[in-house]
Amino acid sequence: MGGCVSLLEPLVVLHTVGTSFFEMAQTLVIYNRTLELSDGQSDAAQALSMRFFLFQSIILTSCALLSMVPTNRLAARCGDRARLLCPQMGSVLGMGFLLAVLLLRLPLEVLYVGAALHGLSGGAPGFWSGVVALASLQSDRGHRTLKINTVDFCRGAAGVVGSLLSGYVYRLGQCGVALVVTAMFLVATSILYSTFLLSFPPRPPPPAEDLQPLLGQQSPGSQPSPRAAVVSVAAALVLFDVGMYGAESVLALYVLKPPLSWDSVWAGYGSAATQAMYLSSFLAVLALSSRLQDTALILLGIVSNCTGMAIMAFATHSWVYFMARAVMMFACVPMPTLKAQLSKILDAQQYGCVFGWLQLALSVSNVASTAFFTLIYPLSLTWNSGLCFLLSSAISYCSVIPVL
């Protein structure tokens with residue numbers, strides 16, 4: 001089914017606002033339910049919530065791994081549109097299970113079924129790999145870094161709007177029902193956009209002379225082989241993501257307990273500050289991409305992220321949290337810029353498959369990161385709950401090595 005609109009950004013905005021609403025509702029529902037189970041003890045509720053999110057991530061990632069080969073075959077047969085439609089349909093199904101938990105007071109474990117269905121449809125790895133692949137196909141080599149950062153900018157802007165509104169929408173009805181219903185409506189709208197409006201450019205056939213370099217061979221005196229470059233870029237992505245994702249998972253719960261003790265509105269403000277990093281990172285790329293090479297931009301982002309996360313370890317007041325986020329204003333530069341570098345190495349025919357496996361590798365690293373920080377965080381609650389953020393900073397700094 002053909003479309004008439006080439007803009008990818010509206011799809012990203014609709015999907016991101018919807019998932020922001022869903023994630024806020026899920027976090028608050030799970031934390032409030034575990035708070036009931038632990039008789040109001042916040043530390044015990046934090047530990048239970050982290051364990052629940054860990055198991056949920058394992059289920060989602062494992063199912064996404066199983067779906068990768070069938071999704072690639074489906075995309076080869078039906079076109080790249082399937083890479084976007086299947087994960088979005090799974091997302092709506094997963095949201096429906098949270099709605100059932102709220103309306104019917106079902107046990108939280110029902111959400112594991114929703115996570116499994118979402119993963120089997122491709123999950124977040126499938127959706128974002130499809131987005132990056134399409135963004136790469138829509139741009140030439142010289143403008144690809146800016147294009148992929150533009151997509152991240154739209155993702156961040158939508159995340160800011162979604163986060164700011166989510167705290168207020170959460171209060172409208174039945175402890176999150178209105179928030180989940182709105183999230184489902186937005187993602188359903190993005191499905192309609194993907195199906196009927198969004199057009200996909202035809203893939204050019206791979207030039208014969210490009211096939212050998214993709215196998216890792218090189219001529220004397222040439223640059224390092226593309227295979228070595230792919231490994232370096234992937235290693236940098238994974239190391240940076242391991243440090244960043246685990247700490248952000250902890251931070252979503254850290255702000256709900258004393259000494260910050262944020263409610264849904266303040267949690268929305270904090271999430272908006274997090275999403276605002278996409279905006280400031282995009283402005284940095286827009287202003288500096290003509291003056292700095294990709295490597296310099298990546299290093300700038302790594303330093304910004306790690307320094308801000310180290311400050312976050314001492315966030316006992318709300319103003320310290322927002323100061324740390326201000327320091328992290330370039331923290332979202334490395335991920336899209338590294339993906340842009342990777343796309344410049346690959347042939348267009350390989351975008352969907354390679355970015356799919358890359359997103360899955362990042363999802364596996366996210367689970368490993370969540371597991372690590374889930375073990376560390378409860379142990380540090382009684383003496384230094386900010387230890388996780390210092391560890392995050394140290395791990396993310398290691399991504400400098402493969403970048404250089």
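Heads up, the Cβ atoms here are built off N, Cα and C, so glycines get one too.
Predicted, not measured: the structure shown is a model, and the values here were computed from it.
Range with TrEMBL annotation transmembrane segment, chosen from 9-30, 295-316, is 295-316. Note on TrEMBL: of 320-340, 383-403, the range annotated with the feature transmembrane segment is 383-403. Contacts between the transmembrane segment (383-403) and the transmembrane segment (52-72): absent, as fewer than 3 C-beta pairs lie under 8 angstroms at sequence separation of six or more. Averaged across the domain 'Major facilitator superfamily (MFS) profile' (227-404), pLDDT for the predicted model comes to 88. Across 52-72, 266-288, 295-316, 354-377, the stretch most heavily in contact with the transmembrane segment (228-246), judged by Cβ pairs under 8 Å, is 354-377.
The stretch from 52-72, 84-104, 266-288, 354-377 that makes the most Cβ contacts under 8 Å with the transmembrane segment (176-198) is 84-104. For the transmembrane segment (52-72), the residues of the chain that approach it from at least six positions outside its boundaries are 30, 34, 82-83, 86, 108, 111-112, 115-126, 249, 352-353, 356-357, 360, 363-364, 366-367, 370-371, 374, judged by C-beta separation under 8 angstroms.
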